[in-house]
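Asks: Take this structure, written in structure tokens, and hold onto it; I'll ask about it next.
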Amino acid sequence: MAVTNVAELNALVERVKKAQREYASFTQEQVDKIFRAAALAAADARIPLAKMAVAESGMGIVEDKVIKNHFASEYIYNAYKDEKTCGVLSEDDTFGTITIAEPIGIICGIVPTTNPTSTAIFKSLISLKTRNAIIFSPHPRAKDATNKAADIVLQAAIAAGAPKDLIGWIDQPSVELSNALMHHPDINLILATGGPGMVKAAYSSGKPAIGVGAGNTPVVIDETADIKRAVASVLMSKTFDNGVICASEQSVVVVDSVYDAVRERFATHGGYLLQGKELKAVQDVILKNGALNAAIVGQPAYKIAELAGFSVPENTKILIGEVTVVDESEPFAHEKLSPTLAMYRAKDFEDAVEKAEKLVAMGGIGHTSCLYTDQDNQPARVSYFGQKMKTARILINTPASQGGIGDLYNFKLAPSLTLGCGSWGGNSISENVGPKHLINKKTVAKRAENMLWHKLPKSIYFRRGSLPIALDEVITDGHKRALIVTDRFLFNNGYADQITSVLKAAGVETEVFFEVEADPTLSIVRKGAELANSFKPDVIIALGGGSPMDAAKIMWVMYEHPETHFEELALRFMDIRKRIYKFPKMGVKAKMIAVTTTSGTGSEVTPFAVVTDDATGQKYPLADYALTPDMAIVDANLVMDMPKSLCAFGGLDAVTHAMEAYVSVLASEFSDGQALQALKLLKEYLPASYHEGSKNPVARERVHSAATIAGIAFANAFLGVCHSMAHKLGSQFHIPHGLANALLICNVIRYNANDNPTKQTAFSQYDRPQARRRYAEIADHLGLSAPGDRTAAKIEKLLAWLETLKAELGIPKSIREAGVQEADFLANVDKLSEDAFDDQCTGANPRYPLISELKQILLDTYYGRDYVEGETAAKKEAAPAKAEKKAKKSA
């Protein structure tokens, strides 16, 4: 049934829709059989279709259209015959993905009058290959040729098993019918090749569209080019089908030193150099009312001369206008789609490229450009040209008509008769269109667990008296200059001498930086880095608790990489492996050794450091495995005289490390054992270490080891919101870090122990809320629970043990008891809550917190109240008043 009106078009779409639904279920084997049969039929009809196209359109050359038809069938088939376009395209068992191809549906094919049969063949074949249907809207000037090409492909496809209405066309095309087709609700994609107006209409249709832009291909010929090849290539390309290929050359820009030679070569090989009035006459005929004159499109050179009012020999290949103006006022500077060519002189290569840039920007942006140079010996020019030209195809030493369509002069450039021009040309793609653009890809993504790790320092020395033995490794490794980073107390009390005396005796030069204070600041760190830069150590030894070790780690980074910006080091990340800022490679200038003199921080084995910006008071927890020391020395002799308060705060810091590591979303079977063992040691030995001190060296040593073991656990499993809030409390109110954790940990457990939290932290291996169960496991491991206890009872016993332990170690019952004034706390609690939410530790917490929830935990901990799920501060404050009112009423 012929399609001559909208009703007939709607009927056609319905038939094609039915056919495509059937075709969508075909296998790859069936599709490939149809694809091959259709390509064979199109190739076989290449000559009659070419003759029909020239006769009907009055454009082009039969012999060249034969080549285009052959290309559209043979080259397209050869390029895509083995491409998978049906069903499962790929499977990746390692990453658990399956990619599945689905057809788009019905495609509207817009076909130009310049390439009426080859474009129809091309679009039909790639539609068949992808299980799509296609309906053509041909150009009125070449409708019969286009529709005949489509019919030949269709009949061959039907004979090979395709549904009968898989390809359709409009018999009497009009603007009305083209618009109706493009806007039809059952059209799924528009594949538009044609003039700017039609392509713009396609993109304005509200449907997905793949269109092409105008071409205005400039050619640059430099002084190193093979002139004979360059001229021959341009002539071959420009005369191909009388220049109707949109990629064909429109201008040549020749470097001055070879301009005359190029000009002469053109003149002696079929190029006609327009002179005087002839040039003006052709300029006048190229454009009509400011647009390309359709009368010259696809016409031979001698006919264009006749239109301009003069004659040239019939064997003239192209008309060449030597011009100087590079803007829209010059007709030769436009796309001409005919054997007419502008020729410009450039003073040098850079000037030639600049002119080419202007020509592209004027009318062919995104399409094609060409350079003739010595490509083997001028890679810099090839690169320069490639970077300067805003075109999707940048051809080197290649005839543009044949080269742009791909697979003829470069065999990785995809063959196509629809050439995308990217966003420059107002297109959705910037490559040669092929089957991949006509399929929808579905990705089946199976749940996969994150790759985890267990990273430690290369060496960990422990037991009493291990310090001098460990330092022997520093000596035998050949280190010559050691910088010791510590605090003034440890320096004044001879702790640093225990290191320097051993090293100096072995001939190692030493320098001591002892200005680190509690909560190290950026200014102190920078001062230490300056000393490192002047002393140039090959080993840095951090001696002390968390503060000297944290400071030393940042000094190490600044010494190794002085170009580093602290703001980038402090940037938060969701996944340490995917962070935006990558820490630089460490250990090039110096090795890092951490000697811990407190039992709690764990910093000697962790990739973490905390530093305070003294300009703002903000604490920044930094994290990266580049910060992990190369060696940790855990010598309990260094903590025998540790004061009771430091023992208590450090011990409870270690308890919190182990607790948070065990319930973290990154917890693993590797970190679990260390977290549990650390808690077991701390439960057994922390009270004795606190009360008896150096009189019980075994207890001191076990707590010292437990702190490092907990450090290993949280170095790999990370921490949670207890530390997030503790960091901010310490920064704002100068509460010792271990004390802040001790104050918060019980309410954090109450908060996390919820199997139905407001939000669960998103991490692949953490598939459901587990904190409640894991807290109960801790109670079991510590021997706190009794047979038959339910989970809730186990957690209550865990909390009771912690409260008892804190009381025994002299920990205040609330933040208020720790000395923070109520007005000061309430004035800052909102900011504390938001800053804690933004802390790096928050992301590993098993429960993803709301800022309001963190605020509630902080308020409850300030007043010494138990956190209760769903109870806000307002409710808690109202409850006593309500009870008092009720009591009065009863009385």
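Heads up, the Cβ atoms here are built off N, Cα and C, so glycines get one too.
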Asks: Looking at K358, K527, K585, which residue has the N6-acetyllysine feature per Swiss-Prot?
Replies: K358
Asks: For the NAD(+) 2 site, Swiss-Prot lists D519, G546, S547, P548, M549, D550, V610, K619; sort out which one of D472, D477, D487, D672 goes with them.
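Replies: So the NAD(+) 2 site in Swiss-Prot includes D519, G546, S547, P548, M549, D550, V610, K619 plus, from the candidates D472, D477, D487, D672, D487.
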Asks: For the NAD(+) 1 site that Swiss-Prot assigns to I110, V111, P112, T113, T114, N115, G195, E335, L419, which of the candidates G87, G213, G309 is also assigned?
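Replies: Looking at G87, G213, G309, the one Swiss-Prot places in the NAD(+) 1 site next to I110, V111, P112, T113, T114, N115, G195, E335, L419 is G213.
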Asks: Can you name every residue in this chain, apart from D653, H657, H723, H737, with its Cβ inside 8 Å of the center of the Cβ atoms of the recorded Fe cation site?
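Replies: What remains near the Cβ centre is G600, T601, G602, A654, T656, L719, C722, A726, G738, N741.
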Asks: Among I110, V111, P112, T113, T114, N115, G195, G213, E335, L419, listed as contacts of NAD(+) 1, what is the widest Cα spread in Å, to the nearest whole number?
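Replies: Taking every pair of listed residues, the largest Cα separation comes to 20 Å.
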Asks: Over the region 'Linker' (441-448), work out the mean pLDDT and round it to an integer.
Replies: 93
Asks: Of the recorded positions G195, K358, H723, H737, which sits closest to P548 (NAD(+) 2 binding site) by Cα distance?
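Replies: If we rank G195, K358, H723, H737 by Cα distance to P548 (NAD(+) 2 binding site), first place goes to H737.
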Asks: CB neighbours of H737 (Fe cation binding site) within 10 A?
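Replies: Cβ-Cβ neighbours of H737 (Fe cation binding site) within 10 Å number 26.
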Asks: Using Cα coordinates, what distance in whole Å links C246 (active site, nucleophile) and H737 (Fe cation binding site)?
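Replies: Given the Cα positions, C246 (active site, nucleophile) is 71 Å from H737 (Fe cation binding site).
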Asks: Run through the Cβ atoms and count how many others sit within 10 Å of the one on D653 (Fe cation binding site).
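Replies: Its Cβ shell of radius 10 Å holds 30 other Cβ atoms.
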Asks: Just how many other Cβ atoms lie inside 10 Å of the Cβ on K358 (N6-acetyllysine)?
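Replies: Cβ-Cβ neighbours of K358 (N6-acetyllysine) within 10 Å number 14.
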Asks: Give the residue from the binding-site residues K619, H657 that has the most other Cβ atoms within 10 Å of its Cβ, counting over every protein chain displayed.
Replies: H657
Asks: Which numbers of helix, strand and coil residues does DSSP report for the region 'Linker' (441-448)?
Replies: 0 helix, 5 strand, 3 coil
